[in-house]
Amino acid sequence: MKKLAVFVSGSGSNLQAIIDAIKNGEICAQISCVISNKKDAYALERARQNRIEAYYISKKDFPNEIEYEKYLVNFLKSREIDYIILAGFLYIFSEYFVEEFKNRIVNIHPSLLPAFGGKGMYGLNVHKSVIEYGVKVTGATVHFVDSTTDGGPIILQKAIYVRDDDTPESLQKRVLEEVEWKIYPVAIKLLCEDKIEVIGRKVIIKDKEILKRWELRHD
Ligand SMILES: Nc1nc2c(c(=O)[nH]1)N[C@@H](CN(C=O)c1ccc(C(=O)N[C@@H](CCC(=O)O)C(=O)O)cc1)CN2
Ligand SMILES: NCC(=O)N[C@@H]1O[C@H](COP(=O)([O-])[O-])[C@@H](O)[C@H]1O
């Protein structure tokens, strides 16, 4: 059974979707720990409610970023973590950390990358930019994490239409409910079942049936 570490900074609704998918047997994995860099993140409470080890570990408590990341690497390796799941985690890892877990860190971003990604693009900021730009479709992207910000190989995407009367808040709610909470558990299931192959920037999903079932088929 694969061991997951989930990194969070906020309310943890994506964490909850993953917890629920494990509980209902969709994902065969164990969340070994939840780690947040925000002490008051409700996601930590969600972990505790589900008897998952919850840790507040912040860069602020280390002399610099590299010491923070070295601590995290040792913390994760000592627990023999297989995959690192970023779920609203608002810290950008250096190349050092990413290389320690190459193609074993995934992230969900609330837009159709590469649009509306990069530094400063997180949470409501993304949906504000989407509405201001006037695009007709948006959605979410699950991708591998590399040394860039939001530029890693794309695993899954799903689109929804932007409505004329959407606010950033209404759009965020729909992207979470209709896209994120669906595609992230599917992506993690595929990862844990070794059904994802990465060839350069291309990501091949080796289980077309699950994509069809979740209307994520792309060929
Ligand atoms: N090396 C990588 N690390 C991370 C990635 C990544 O793709 N590569 N994804 C992010 C998550 N993310 C978007 O999906 C993201 C998170 C945070 C930011 C950002 O600009 N953060 C601010 C600080 C925000 C705060 O602390 O309140 C900043 O760094 O100035 C952009 C994108 C996770 N890590
Ligand atoms: N760039 C990263 C980013 O913006 N991530 C976004 O933060 C939110 C976290 O919500 P949650 O804490 O309820 O899962 C989610 O919408 C996720 O896509």
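Backbone N, Cα and C define each Cβ position, glycine as well.
Curation plays no part in TrEMBL annotations; they are all automatic predictions.
Mean pLDDT across the domain 'Formyl transferase N-terminal' (2-187) comes to 98 in this model. TrEMBL lists 2-187 with the feature domain 'Formyl transferase N-terminal'.
Close to Ser13 (N(1)-(5-phospho-beta-D-ribosyl)glycinamide binding site) in the fold, though at least 6 residues off in sequence, lie Leu176, Glu180, Trp181, each with a CB less than 8 Å from its CB. Look at TrEMBL and you will find Gly12, Ser13, Asn14 tagged as N(1)-(5-phospho-beta-D-ribosyl)glycinamide binding site.
Other C-beta atoms found within 10 angstroms of the C-beta of Asn107 ((6R)-10-formyltetrahydrofolate binding site) number 23, with every protein chain shown included. When secondary structure is read from DSSP and collapsed to three states, Asn107 ((6R)-10-formyltetrahydrofolate binding site) falls in the strand class. Per TrEMBL, (6R)-10-formyltetrahydrofolate binding site is recorded for Asn107.
Counting every protein chain shown, the Cβ of His109 (active site, proton donor) has 26 other Cβ atoms within 10 Å. The active site, proton donor annotation in TrEMBL covers His109.
Taking all protein chains in view, 23 other C-beta atoms sit within 10 angstroms of the C-beta of Asp150 (site 'Raises pKa of active site His'). Under the heading site 'Raises pKa of active site His', TrEMBL lists Asp150.
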Once the DSSP letters are reduced so that anything not helix or strand counts as coil, what is Gly12 (N(1)-(5-phospho-beta-D-ribosyl)glycinamide binding site)? coil
Filter the recorded positions Gly12, Asn14, Asn107, His109 down to those whose C-alpha lies within 10 angstroms of the C-alpha of Asp150 (site 'Raises pKa of active site His'); answer none if the list is empty. Asn107, His109
Among Gly12, Ser13, Asn14, the binding-site residues in the record, which have a C-beta under 6 A from ligand 1? none
